[in-house]
Amino acid sequence: MLLFPLLLKATLLRLASGSYHPFYNGFYYNHIMNDNDDGQDKVDYFSGARLVVETSRDPIYSYNGANVTLPCHYRYEPDQGPKRKIRIKWSKLRDDYTKEQDVMVAIGKTYMAFGDFKGRAHMRQASRHEASLVISDVRLKDDGKYRCEVIDGLEDESDVVDLRLKGIVFPYQPPRGQYRLNFHEAEHVCQEQGAILANFNQLFQAWSEGLDWCNAGWLADGTVQYPIRLPRKPCGGVHLAPGIRSYGPRHRHLHRFDAFCFSSALKGAVCPSPLGHRTWPGWGEVFYLDRLFLGLDRCNAGWLADGSVRYPIVTPRANCGPAEPGVRSFGFPSKGRFGVFCYRER
């Protein structure tokens, strides 16, 4: 029973004596017995230049279907002369802080991409100490933070760059009504609209551009939030400041809310159909994204691709709904004759 206290005391005395050298400043210290066999440790120092990894301080912006380069450079202080054979690893950080997603690893000119990045990711090494990542055919779910990690022997340094897709956030609720979607169903309905669940940065950007929505909706990290520009009693009270209101993380199976979907910017325009009133299903390619009504001012309601009937108001006026601009909704009528809003590629 006395053995453990004695061992603990000996260990503490060893630490206090200063003979134990911890990991320090990026270098390891190695303990080996000396040649005199006198019980004294000889310390070998792995010394060398300091490795520095740098990416862009500012976000890198792109859009769906484009090609993008995430810059990453490294250097040694002091400089090490000829290029060394190092290992480079790119990974994507997750919004919910779970395990990082492997994107690509490279040693010299040999590299391997993983998962959804196979065939779309490669290394750009145009200069001596460059380790930039090139992603082709950018997809909606590529949006996020990426870690560039450079490994040289015992040294391992990294930096993070933020890839943001230009696009729009739009609130969505299904024909069944308000607050009917658990997290997984919210993911599905966004996919049906050619979109994905928005993340917080995307919702915040939409709020800063004027999005005001009183219904709470799922975000990609499993939290439930909603953006308020004009504080009012039904939306948290008149005394709370404008901003993003949050319910925090919710149970992904049991709790039900609406969804905030994100779709990247599209090269096209929404236009009302000139063919008069139609019953559902509508005519042509009927569009679904409320926010792409930007700048369109129509008091006549029209069908959208999800079976809803809506109309956009920029200048509020008599007989066109409330006194604020926005997209008015007739819900999901099972019958009736309305106009049609179509989407045309440019």
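If you go along the chain as it appears here, the first residue is 1 and each next one adds 1.
Every residue, even glycine, has its Cβ placed from backbone N, Cα and C.
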- Task: State the disulphide partner of Cys299 as given in TrEMBL, choosing from Cys271, Cys320.
- Result: Cys320
- Message: From the disulfide entries in TrEMBL, identify which of Cys190, Cys235 pairs with Cys214.
- Response: Cys235
- Query: What residues, ordered by sequence, lie under 8 A Cβ-to-Cβ from Cys320 (disulfide bond) and sit at least six positions away in the same chain?
  - Reply: Cys299, Ile313, Arg328
- Query: By a simple count, how many Cβ atoms lie within 10 Å of the Cβ of Cys214 (disulfide bond), its own Cβ left out?
  - Reply: 14
- Filtered by Cβ under 8 Å and at least 6 apart in sequence, the residues in the chain of Cys235 (disulfide bond) near it are Cys214, Tyr226, Ile228, Arg245
